[in-house]
Amino acid sequence: MLNITLPDGSVRQYESPVTVAQIAASIGAGLAKAAVAGRVNGKLVDACDPIVEDSAVQIITPKDQEGIEIIRHSCAHLVGHAVKQLYPNAKMVIGPVIEEGFYYDIATEKPFTPEDVAAIEARMKELIAQDYDVVKIMTPRAEAIKIFQERGEEYKLRLIDDMPEVEAMGMYHHQEYVDMCRGPHVPNTRFLKNFKLTKLAGAYWRGDSNNEMLQRIYGTAWATKDELKAYIQRIEEAEKRDHRKLGKQLDLFHLQDEAPGMVFWHPKGWALWQVIEQHMRKELNAAGYKEVKTPQIMDKTFWEKSGHWENYKDNMFVTSSEKREYAVKPMNCPGHVQIFNNGLRSYRDLPMRLAEFGSCHRNEPSGALHGLMRVRGFVQDDAHIFCTEDQIVSEARAFNELLVRIYKQFGFHDVSVKLSLRPEQRAGSDDVWDKAEQGLREALTACGVEWGELPGEGAFYGPKIEYHVRDALGRSWQCGTLQLDFVLPERLDAEYVTENNDRARPVMLHRAILGSLERFIGILIENHAGSFPLWLAPVQLVIMNITENQADYCREVAAKLQAAGFRVELDLRNEKIGYKIRDNSQYRFPYQIVVGDKEKQENKVAVRRKAEDLGSLDLDDFIAQLQQEITDALVNH
């Protein structure tokens, strides 16, 4: 008999072997119907997999996050089933789960159309209605190869070639359709009813632009109809907030093919940029940072010494001149070490905080570029703190406090923290990495924050703390980082004179709050739907006259507001005031000011805020209200 321990601590006995499905059925009919898969001794398994030893078992249902991901993965296989029925010559590639959904890459003779995707979705619904069982068969390698050879699935054969150590693989049968996968998958298509195909895109085989282009069908799936409906509404709202769309509508920026991944900033967009940069400069100055500027192009030998050439070369733009090879900087850190090294440093100089709004370039694949969110040329609010090991915790705490305050100023109050650990390709010894990772754990503990850990996600020179903000749509964006680096000071020979008159290496803390300013602006646009808070808006007020009689007074109002530090636009066009109000509303200015004869005579302004009429206000009182609103946002949050 097998002893099966359930999550509540109870133990049940079964004849060996027993499956997760059988255990669920023995507990109750409701659980049997809801069982998607199981977790046996910590490992996810299919509901049909045999258990042959005493084990701890959890029944996975659609209420569990793992259950939702299994449903999504099974929906990807269902895409394959439908595609092969409708387009028999299509070749199936891969179909993984992604955040809140899934996709399947498919090789086709001609690209799919939106009408094709609609037909695929309709066929998927027909297949779900058949309520068929998904059958898993562990298949020897040679037999799996034969199956895919007979079906002409060349990409599946290539994937098998990538797994020479695998002797048998799970083959999941959706009626006549067969796909291979680690699993687990749902036992029946009844779990897949709440799905939607969402998008069609192109993708290169293995993500390499030198390879053939595939068709990628995206979709989502949920446990309930209401969850699916809520997701679709969220996606529709996200489309309305798309920073590329709003960037054009609000006249902030544009991109064009002649400069892939580079941004053309328009006056309003550059005004927004300047507000952000100047605000960050003020905050950094108050926090004890010194601003610097480093070259954008440096000799190849410099990058070899720093380790970037070995570990990051594929992402760097290179050029040559006068028989010397150069690279455009992808990061600011090595340049900051040069400033630290330019002079004899003492322990009394530490911590030294060097900040730069550094212009960097990275050779991102063209297929990965996406508006402001993924670019090739960008500016970071970068800074590096050179300190002693004893100062790591206090500097991390100070940085964490600064970061949280700034995020609140921008409207982000929900911040989560991740600790990214050593990647496979890295510089430095394991002892150095042990020391660095433990240092960041101690710093996080001192900050009093909870965090999750991400093995393999650190930079090549050190582990990093990642700060993720949650926007108005509930999406998570990784922006801030704090990285602990013992490697670069060693490679670039940074040192300081200790209290005992010895020489020692400083610890280097790489840190950013916004990350890429381009990307952060994209996040801000979508978070605020283009309706920026007063302090942040590129144009804070637009002033409109009703007739020519008020034009001079409008100019006086504008001058007084500008003298008080506000960003103002005048609209003195010879148009009806209703038209001007509607026309300016598309730019989502925080305030609209209307001036007629009455306002002119009484030295007042008629104020509208986001379509709300605030009435006629004394100009000086209104300016005081505006100043208080900004104080509340930046100081009182």
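Glycine is no exception: its Cβ is also placed from the backbone N, Cα and C atoms.
Note that the structure is predicted; figures quoted are calculated from it, not measured.
Taken verbatim from Swiss-Prot:
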type: DOMAIN; residues: 1-61; note: domain 'TGS'
type: REGION; residues: 242-533; note: region 'Catalytic'
type: BINDING; residues: CYS333, HIS384, HIS510; note: Zn(2+) binding site
HIS510 (Zn(2+) binding site) CB neighbourhood, other CB atoms within 10 A: 22
Sorted by sequence, non-CYS333, HIS384, HIS510 residues with Cβ within 8 Å of centre, Zn(2+): MET331, ASN332, HIS336, VAL337, ASP382, ALA383, GLN483, ASP485, LEU488, MET508, LEU509, ARG511
Per-residue pLDDT averaged over the domain 'TGS' (1-61), given as an integer: 95
For HIS384 (Zn(2+) binding site), nearby residues of its own chain (Cβ under 8 Å, 6 or more apart in sequence): ASN332, CYS333, HIS336, VAL337, ARG353, LEU354, MET508, LEU509, HIS510, ARG511
Assigned element (helix, strand, coil) containing HIS384 (Zn(2+) binding site), judged by DSSP: strand
HIS510 (Zn(2+) binding site): secondary structure state under DSSP, collapsed to three categories: strand
DSSP helix/strand/coil residue counts for the domain 'TGS' (1-61): 14 helix, 26 strand, 21 coil
